[in-house]
Each structure stands twice: as structure tokens, then as C-alpha cells.
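In what follows, a single structure is set out as C-alpha cells and then discussed.
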Amino acid sequence: MKWLVLLGLVAFSECIVKIPLRRVKTMRNTLSGKKMLNSFLKEHAYRLSQISFRASNLTINPLRNIMDMLYVGKITIGTPPQEFQVVFNTGSSDLLVPSINCLSPTKRPCSKQDKFKHHQSSTFRFTNDTFRIYFGSGTMRGVVAHDTVRIGDLVSTDQPFGLIFLETWLDIPFDGILGLNYPNISFSGAIPIFDKLKNEGAFSEPVFAFYLNKDKQEGSVVMFGGVDHRYYKGELNWVPLIHPGEWSVPLDRISMRRKVIACSGGCEALVGTGTALILGPRTVVENIQKHIGATRQCFEYFVSCSAVYALPSIVFTINGINYPVPPQAYLVKDSRDQCYSPFQVNRANPSAETWILGDIFLRRYFSVFDRGNDRIGLARAV
């Protein structure tokens, strides 16, 4: 009987597809990028956002994780495969990569990252469907195309994705975005890659999970089709979604030193890998900055690094369970040995009591996104 159980565990682990994630520094952490970053924040700071597709206007979350470290993983597109480093983003539903023909408004090539050479793929096909994303002072345009996409051992043939031909992004340390949200927020209306693979029976379980290593550049992972229990301690706490169709959970309150500092009557939190930060309403975020003694410099808040041992944990209570985030986790030291606060205003909705718990939170807690049961599982990461 013991051998049967062991064989079952081995078979189950083999059904999980794991994609290594690598932590990369963004422009926020380079001295040369400081002026560019401040300019970008001033012009684009979450001011956006509408996507136009077939005369429809839909709201999406803009890319928010330019201020800290990102976690990127490898996929391939096309036949023969072309490799791309993408952010696996639970805040969006579409796969987006730049075309080899992508240009900036000044007619220069887009970012210096890898671009898709569609003319070299025998399985590529265009569609007549175009899209346009409007930013505060820029735009992104492209076309919906189809090709074979590979995520580890997972293969999605004739997968729709967004091929970008015009963009105003700054140089960024990744090639594209792979969305893992529900299909109802897909800007193109096309089936997201996770849903297509799920419908084709590619997964043992319709789940994916993130382990984000907080200490090392390597060691992080996104896994599909099951959960490797070696990445967390104790039991998973399952939280039903408030709105099946997006990764939103009930947030009971936020507290410090046993005193409620936000969300006193309960509110909503989006759990997302689309940002490295923790985003919330303006007045509450400013209050948190005061509680931790942060001072504002341009668009950021800094705290003395020596204060990390005196500051309290910030506790997020989700569905009756406390999830403390200590100062060692929520204060981030940059390349200039300055510690900055990751609490920022959710500019997409600055007044509503809606929070976005990004990588700062998820580095502390292993997360499981269960599409089969419309819930999220959280446990202390190892």
C-alpha cells in the first residue's frame, strides 16, 4: 500500500508543469534610469486606460510593476520556436509580444527586447482584428494573430495573441506579458491560453500557482496543473472569489499593532502578479506612509533602512485569517541603499476601497489560483 501511495505521488508531481521564474531588476533600480522613470511616472502614472477593439471600449489594468523587481519566465512562439521572457500576469488575460516590425512614434524600433519574427514561423497566421491601448501620453497598437505557443511541456496550437506594431514603452527587462486572468476581461475576446489548454484537457487540475523567492534571483516558479506542497508551510487557506471572473477576494481589514488602519468595514482585494507593489486608495495609503515614517521624494516614499527593526508588521486579514507582512518584507532596499515603501495609490481607482496585493505580498505567501472552484489558496511560503 505504501508503494502505491508513493507511486501516486510521483505520478501526480509529474503532471505539474513548472516554469522557472527569474527575478530581474527594472529601471527603478538603476541610477541611469532614474530621470526616465520619474518622467514616465509623471506622464503615465496609472492614468490610463482604455482598450479599443472593434469599436468597443473596455477597461484593463495598466502595467504597474515598473518600480521594483519583476519575475519573468520563458515561453516560445512559432515554428520553429522563438523564445521570449514574459511576465505571467494574473491581472490580464492576453498574451502580448512585440513584432519585429514594431516601431515607436518616432519611427525608431520598439524596446531592445526580443521581438517576434512572424515571417519565420510556418504556423503563423494573421487576422483582421486590431487593437489599440491608450495611455496618458501614448498608445500601443497591434493585431490579433495565431500561432503555436509553448509553456514548458504545454503546447497550444493556433493560439490567439496580441502582436504589437506600435508602442511607447520604455526599455523594459522583459519581452511580453502572458495573462492568466479570466476570459471575460480579454481585450480581444479571444480565448486566453490557460482556458484553451484547460478545455483541451492539458491539466490534471485547472489550477496554477506561484512561488516567488524573496531572497534569490533564481528559485521562483509558476506551476500549472497542480500544487507542489514543498513550496509552502502548513495548510492552504482557501478564499472564495468575490466576483468569479476576476481574482478578487474579501479583505476584512488592514491593521498595525492591533489597530485597524484601513478597510475597517471590509473591502475588496485583487491578488495579482501584475504589480510588485501594494496599491490602495489615496487617503489610506498616505496614512500608512505616516504610520511607518515614510517621507516623499518625487513620486516615491522612503523610510530609513535602520527603522526596519523598529517598525511593526502590517496585517492583512483575508476571510478571517491574518496574513502579516513584516517590515523586512515590505521595505525594499534599492541599489543606492535606500529603503522605499511599496505602498502606492491605486490610480486606476484612487478613491474606492479596493486594494491590489502584488509581489510584495506574494513573496511572503504561496498562492494558488483555482479556476475550477473560483477561489484562491494562500499559505506561508517556505
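Even glycines carry a Cβ here, placed using N, Cα and C.
Nobody curates TrEMBL annotations by hand; they come from automatic prediction.
Here the Cβ of Cys102 (disulfide bond) has 21 other Cβ atoms within 10 Å, regardless of which shown protein chain they belong to. Residues or ranges marked as disulfide bond by TrEMBL: Cys102-Cys110 (among others).
Within 10 Å of the C-beta atom of Cys263 (disulfide bond) sit 23 other C-beta atoms, taking all shown protein chains into account. Per TrEMBL, disulfide bond is recorded for Cys263-Cys267 (among others).
Look at TrEMBL and you will find Cys305-Cys339 (among others) tagged as disulfide bond. A C-beta separation below 8 Å, combined with a sequence spacing of at least six in one chain, links Cys305 (disulfide bond) to Leu331, Lys333, Asp337, Gln338, Cys339.
Annotation comment: TrEMBL describes 71-379 as domain 'Peptidase A1'.
For 1-15, the entry in TrEMBL reads signal peptide.
Taken together, the residues in the domain 'Peptidase A1' (71-379) have a mean pLDDT of 90 on the 0 to 100 scale. Cα of Cys102 (disulfide bond) to Cα of Cys267 (disulfide bond): a span of 41 Å. The separation of Cys267 (disulfide bond) from Cys110 (disulfide bond), Cα to Cα, is 40 Å.
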